[in-house]
Amino acid sequence: MATATIFHRRHFSLFFLWVCFVRLAGLYFFTKGFLLTRQILEARSTCDEPPRALWPPAHGDVGGCWLRPTFKKAVILIIDALRYDFTIPYSPSIQAAEEKPYHSALTVLHTLASERPRNALLIPFLADPPTTTLQRLKALTTGTLPTFIEAGSNFAGSALTEDNLLDQLLSFPSSSSSSSSTAQTKSHSDHNPKQRRLVHLGDDTWLKLYPDHFLPHLSHPFPSFVVEDLHTVDTGVTTHLIPLLRNDTLRCEWDVIIGHFLGVDHVGHRFGAAHPLMRDKLQQMDAVVREVVTALDHADEETLLVVMGDHGMDENGNHGGETLEEVLAAVWLYSPRTFVGRRVSGGGDEHHYNGEEGAAVPQVDIVSTLALLLGVPIPFNNLGRPIEEVFAFGSGGCDKQEEEIDWERLVRANALAAAQMERFHAEYTRLYGSHKGGVEVRLGDVVQGDIDFGDEDSLQRAYRGLRVYQAEMLKGYRRVWAQFNVVNMLEGVAILLLCVVAMVCALVDGSCFDGPGIKSKATMAGSVVGVLAAAAHFVYADPAYHVFESLILGATIASLTGLIAGADCNAVRRGWQPGFSIGKLQATLFPLALAAGFASNSYTIWEDEILLFFLSSFGICTLASATHPTSSVAFLLLTRLASYSRLCREEQLPSCRTTFYQLENYIPWRILAPFLTVLVILSASKDLRNRFKHTWNTLYITALFLHIPFWTLQTASEQGWLPNIITDYTSKTICIVIARIVLLVSSCGLGSVLLSAHHHDKSYILTAAILLVCILVSPPTSGVLLACLYSQLLLLPRTTSHRVVGPTIAALLGSFYFFTTGHNATFASIQWKAAYTGFRDVVYPWSPLLVGMNTFAGPILAACAVPFFFTPFGASPSRESTAARAQMILAHGTVYTLWAAATAIWACLLRRHLMLFAIFCPRFLLAGVVMVIVDVIGLVNSFVM
């Protein structure tokens with residue numbers, strides 16, 4: 001056939017290398033314009049240069065920077081994933097129908113806020129998504145908003161360079177640190193006596209962001225990603241924290257302590273929010289907070305205690321998304337000194353959570369609040385406003401009545417924050433242009449004229465104006481950092497669309513490369529278009545990158561245009577085998593319908609149901625034409641069985657019920673699932689193993705059976721079934737050994753692919769080796785589902801013999817099993833536990849790779865199997881068989897390229913849609929990542945066959 005020409009064996013790998021290049025180029029240009037990162041200003045706030053003075057300074061505002069400090073010391077305790085409803089009393093009338101384990105476990109925060117309302121304040125704490133820990137810590141120290149793409153950096157942080165609260169604390173000493181500077185300088189010569197002394201305990205992410213900020217002899221970091229370990233970090237923080245508070249000598253060696261507990265978050269990731277261990281962990285946190293409060297009550301009134309969550313969690317224990325449960329944490333401030341005033345009516349947005357009404361403050365507000373309370377400058381890039389209750393009462397020691405509001409201090413605090421925002425806005429506009437701004441409100445418009453500090457009405461008017469200005473500035477910069485580079489986006493879309501057209505041309509016509517005349521015309525056409533595209537980009541691109549990007553764009557456009565121009569239009573009819581076929585119609589319409597449907601948010605939300613409908617329709621239509629009708633029936637049954645496992649998105653509720661985690665939490669099923677996985681795979685691959693009498697079969701079956709003790713031991717450890725002689729450490733060691741044996745067998749299989757002479761041996765071993773790893777890094781339920789996918793891929797050649805139909809349906813299967821294995825196009829559905837398969841801690845690059853294998857197991861397995869399951873067994877490695885395999889691999893990859901192009905188009909057109917970053921952007925990211933993975937697998941297949 002004509003396709004054999006273009007896919008001649010010696011050009012096989014080079015062609016797919018080029019395919020990878022052009023698709024990556026399309027993704028590069030689109031993401032460069034779509035996923036913009038926030039521009040960081042290097043300017044810093046200083047005591048010597050406060051923001052412009054709107055009004056005369058207050059008398060007696062000395063001893064601090066910009067505003068008289070309220071406290072000399074601070075203890076900041078972060079309880080990772082502390083959801084707001086974990087801290088309030090359980091009430092059946094306004095909360096869940098039945099009490100959950102996390103209810104009424106951590107009671108000290110609400111109790112003290114109710115019993116001592118002038119000493120303690122508990123309020124909801126609203127985080128900006130993405131709710132991953134690294135992004136939250138940046139917001140909690142800089143007062144800025146995260147960008148969407150930064151969520152991908154949660155595995156590895158780099159030192160923070162922009163102005164932040166910790167830098168400000170180091171730049172301005174407190175009176176306590178100054179008084180003891182001589183002693184500290186003698187004992188710790190590396191400490192600057194002009195700096196505040198910071199101590200860190202717990203999550204080592206802080207050291208990645210702030211590597212040189214903490215006293216090394218008092219700080220104790222712990223690994224943050226060991227989800228299996230529920231107690232080491234929390235116990236370590238508690239062990240070192242309490243002596244720092246109670247020992248008089250140690251109390252003189254620090255000014256600010258930051259303790260970051262991880263147990264609540266880890267319990268959520270391992271067992272979900274409603275597990276009995278969550279109650280135990282919250283009670284442990286309750287005891288720790290009570291002990292800290294007691295220590296502070298017996299010490300002095302100069303220390304502020306802050307307890308807060310960096311984010312929440314959903315009922316499955318996940319976070320990273322933007323559901324209310326994930327973004328609503330809690331913040332609690334306490335001091336033995338009375339410092340909390342009553343709330344000003346209308347001073348903030350009202351927020352309802354499970355019937356509990358309160359003012360939810362944005363998480364960025366904590367930065368300006370702590371900065372002013374501790375007497376340091378507000379970080380330059382801060383967009384948060386001071387928490388009003390903290391400044392409404394005035395400074396400690398004030399003789400005002402409890403219900404009286406200190407309007408002067410409240411106005412001064414907000415005036416400083418607003419003036420700093422104004423200065424930030426002016427600098428940002430100067431550097432990046434007013435067109436970036438979307439911020440139209442001006443401070444002079446909302447605060448008009450001079451303020452009479454002797455007139456309470458004037459102060460109230462000023463306060464309302466300042467709060468409006470700060471709120472509008474925050475909203476404005478949320479819009480600013482959603483700006484897009486439309487030129488780059490259009491370039492990316494054009495490349496991806498041209499790639500789809502070029503791949504279709506390559507599938508149906510290889511003869512376009514035969515004649516030298518056609519080659520020259522195609523080359524000329526491609527060159528002209530490529531040069532024009534490069535020249536246009538050179539004119540409009542960022543000067544720092546325009547040469548490199550222009551060359552990439554021109555080469556990509558030229559090669560794609562040349563291939564399309566060289567194609568014979570009549571070959572489109574000849575390339576498709578004659579005769580009407582329902583299978584061919586489905587293979588064309590299903591991917592196109594899915595691509596078109598991504599323009600609808602409802603369609604995208606229910607993608608798993610759409611895929612189920614497509615696959616069921618294919619199975620029913622093949623019943624009449626299949627050579628083996630029983631194969632079609634089995635295909636339908638497996639599709640239906642797999643559909644009973646699902647993870648619902650927030651947008652699907654209440655019309656959807658999550659069953660994936662219900663199965664995972666049903667212990668009899670967890671015990672049975674590994675046995676069922678092995679049984680299904682061995683039954684489905686019996687004929688294959690009989691065909692290939694290979695040493696690999698023995699190793700493969702052995703590794704397959706090792707999954708049974710691996711998951712049985714993990715379940716027994718989690719449920720506390722192990723005898724006392726087998727500790728958790730021992731059981732984890734055994735699991736690590738088993739996992740590494742399986743990984744070693746898989747690696748041996750991948751290595752033997754290079755030594756095998758026949759392409760069927762290579763395909764069989766490659767697919768089986770990848771299957772072993774995918775099952776290992778997936779939960780037991782996913783293991784059963786991947787066994788079903790493997791079986792359906794084996795059944796496909798019996799239901800259709802067409803070289804394009806089979807790979808297209810395989811692509812639908814891969815996407816379908818992405819959803820059934822407990823995943824969605826959301827960050828919250830990532831199963832981070834896979835990172836520790838075979839390891840005790842995060843190990844680069846293997847941990848991210850294992851998470852990727854877990855997340856994309858369905859598409860990976862389908863892509864590996866395509867060239868094996870759709871070529872006749874026993875075919876010799878001839879020019880024709882090479883062309884057939886190439887056509888199947890290309891057809892499979894073209895489907896994913898179509899979806900990537902479609903999601904890019906809709907994300908571009910709907911970039912101002914309300915649900916852009918909730919639905920359309922994650923779906924584009926998913927399509928792009930899967931396309932790259934499938935391309936890499938196709939390239940590997942081209943090298944080994």
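From the backbone N, Cα and C atoms, a Cβ is placed for every residue, glycine too.
Through the fold, the transmembrane segment (12-30) approaches residues 6, 488-489, 491-493, 495-496, 499, 502-503, 549, 552-553, 556, 559-560, 882, 886, 889-890, 893, 897, 900-901, 904, 908, 928, 931-932, 935-936, 938-939, 942-943, 945 of its own chain, all at least 6 residues removed from its boundaries and within a Cβ separation under 8 Å. Summarising the annotation, TrEMBL assigns transmembrane segment to 12-30 (among others).
What TrEMBL lists as region 'Disordered' is 175-195.
The feature transmembrane segment is assigned by TrEMBL to 489-510 (among others).
Residues annotated as transmembrane segment in TrEMBL: 522-541 (among others). Tertiary neighbourhood of the transmembrane segment (522-541): same-chain residues 487, 491, 512, 547, 549-551, 553-563, 565-566, selected by CB-CB distance under 8 Å and a gap of 6+ residues from either end.
Sequence-remote contacts of a segment are chain residues at least 6 beyond its ends whose Cβ falls under 8 Å from one of its Cβ atoms, and for the transmembrane segment (547-567) they are 18, 21-22, 25-26, 28-29, 491, 494-495, 498-499, 501-502, 505-506, 509, 512-513, 518-519, 521-523, 525-527, 529-531, 533-535, 537-538, 541. For 547-567 (among others), the entry in TrEMBL reads transmembrane segment.
For the transmembrane segment (588-606), same-chain residues at least 6 beyond its ends with a Cβ under 8 Å from one of its own Cβ atoms are 614, 618, 649, 651-652, 808, 811-812, 825, 895, 898-899, 901-903, 906, 909-910, 913, 915, 919-920, 923. The annotation transmembrane segment is assigned in TrEMBL to 588-606 (among others).
The transmembrane segment feature in TrEMBL is assigned to 612-639 (among others).
Residues annotated as transmembrane segment in TrEMBL: 696-713 (among others).
According to TrEMBL, the domain 'GPI ethanolamine phosphate transferase 2 C-terminal' annotation covers 699-928.
The list of residues near the transmembrane segment (734-758) in space but at least 6 beyond its ends in sequence, with Cβ under 8 angstroms from a Cβ of it, reads 696, 699-700, 702-703, 706-707, 709-710, 713-714, 765-766, 768-770, 772-773, 776, 837-840, 877, 944. Residues annotated as transmembrane segment in TrEMBL: 734-758 (among others).
The annotation transmembrane segment is assigned in TrEMBL to 764-790 (among others).
Counting only same-chain residues 6+ beyond the ends of the transmembrane segment (802-819), those with a CB under 8 A from a CB of the stretch are 507, 577, 581, 583-584, 586-587, 590-591, 607-608, 611-612, 614-615, 618, 639, 642, 646-647, 785-786, 788-789, 792-793, 796, 855-863, 865-866, 869-870, 884, 887-889, 891-892, 895-896, 930. According to TrEMBL, the transmembrane segment annotation covers 802-819 (among others).
For 856-876 (among others), the entry in TrEMBL reads transmembrane segment.
Annotation source TrEMBL lists transmembrane segment at 913-940 (among others).
Within the chain, the transmembrane segment (696-713) has long-range Cβ neighbours (under 8 A, six or more residues past its boundaries) at 670-671, 673-675, 677-678, 681-682, 689, 731, 734-735, 738-739, 741-742, 745-746, 748-749, 752, 765, 768-769, 772, 775-776, 780, 783. Here the domain 'GPI ethanolamine phosphate transferase 2 C-terminal' (699-928) returns a mean pLDDT of 86 for the predicted model.
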